[in-house]
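Colleague: The annotation active site is assigned in TrEMBL to Ser120, Lys181. The domain 'Peptidase S26' annotation in TrEMBL covers 93-292. Taken from TrEMBL, the feature transmembrane segment covers 6-22, 27-45, 57-76, 88-110.
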Amino acid sequence: MWTSGLIAAFGGPFAGFLWIGAGRLAVISLIAVTAASIAICYAGFPVLPGMDLAAVGRYSGFGLMIVWAAIVAPLARRFKPDKWYAQGVPVFVMAFYATVVAGFIVRTFLFQSFSTPAGSMVPTLLEGDYFFAAKYAYGYSRYSDPFGLMTFDGRVWGAEPRRGDVVVFKFPPDPSIDYIKRVVGLPGEKIQMIEGVLHINGVPVGLEDIGPYASEDSQTGRLQRETLPNGVSYSVVNLTDDAVGDNTRVFEVPGGHYFMLGDNRDNSSDSRFTVGFVPYENLEGKVVRLYWNSSGVDYAARQVVNRAAAN
């Protein structure tokens, strides 16, 4: 009985149930634990002063070890460990591959976690934000697989992004780098910035001043609300009226490509500069939900990222 508890504690309920010969319970527990993990992360973690997510993870992990052992060990006497898989090597191999396969399925086809390393998407995303991107939103390409196992060209089960979507994509000059920007220009359109105002096919988008903006690192400017032709509305930051990206040439978006901008307009490397036009194939997912901020910044009001685009 104690052996079953130890295996469940260190290998999880899937390994524990395999060890005692409860194959069905092992499969059910794997599905349940995976679903519960996604649900808990999707709901988000509370931000408390001085809270260390790594420490919380360690303590939670220790608590789960006790829970797994308490669930599996009492059931050991109800099953006979006479199945072919109720042995050391099969348990280890199956538990290892089940974890790998579950991780591959979730991160490739459902949700993948990303973090914001800089402030180019302020005020929508702040530095230190952790969020989920929906991998199924635009179908799948070779860049949907974070493990590099898929090598096909093009995209399958694809859906085109809507104007205003906040997306994660592979940096065209170096696909090993992930970028996070907002889609503002669609294939075939002409995009230009004139005096800090976004123009689509020669027509300025709606831009309304909201009030002053001040960041934690003492940057100041104006907070503005930008409204795209499809009605998607969001806040952008204007730090200065004479930034290098405030007046640009006309960009003609090629077919199968998109034009991206950061919401922090004067502090963003986007399609106006080195990013260029982003191929449809490079899209990884649609940013959907924040679940943590490593700097302790409250994210409750910003948790649903593409709220405007979803309406």
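Glycine is treated like the rest: Cβ placed from N, Cα and C.
Show me how these features fit into the shown structure, please.
Modeller: Taking a C-beta cut-off of under 8 Å and a sequence gap of six or more, Ser120 (active site) has these contacts in its own chain: Ile180, Lys181, Gly262, Asp263, Asn264, Asn267, Ser268, Ser269, Asp270.
For the domain 'Peptidase S26' (93-292), the predicted model reports an average pLDDT of 94.
Outside the transmembrane segment (6-22) by six or more residues, the chain places 29-30, 33, 65-66, 68-69, 71-73, 75-76, 78-83, 85-86, 90-92, 94-95, 98-99 with a CB less than 8 A from a CB of the stretch.
Taking Cβ pairs closer than 8 Å, the transmembrane segment (27-45) reaches residues 12-14, 17, 53, 56, 98, 102, 106, 110-111, 113, 132, 289-292, 299-300, 303 in its own chain, all 6 or more past its ends.
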Colleague: For a quick check of packing: other C-beta atoms within 10 Å of the C-beta of Lys181 (active site), how many?
Modeller: 25
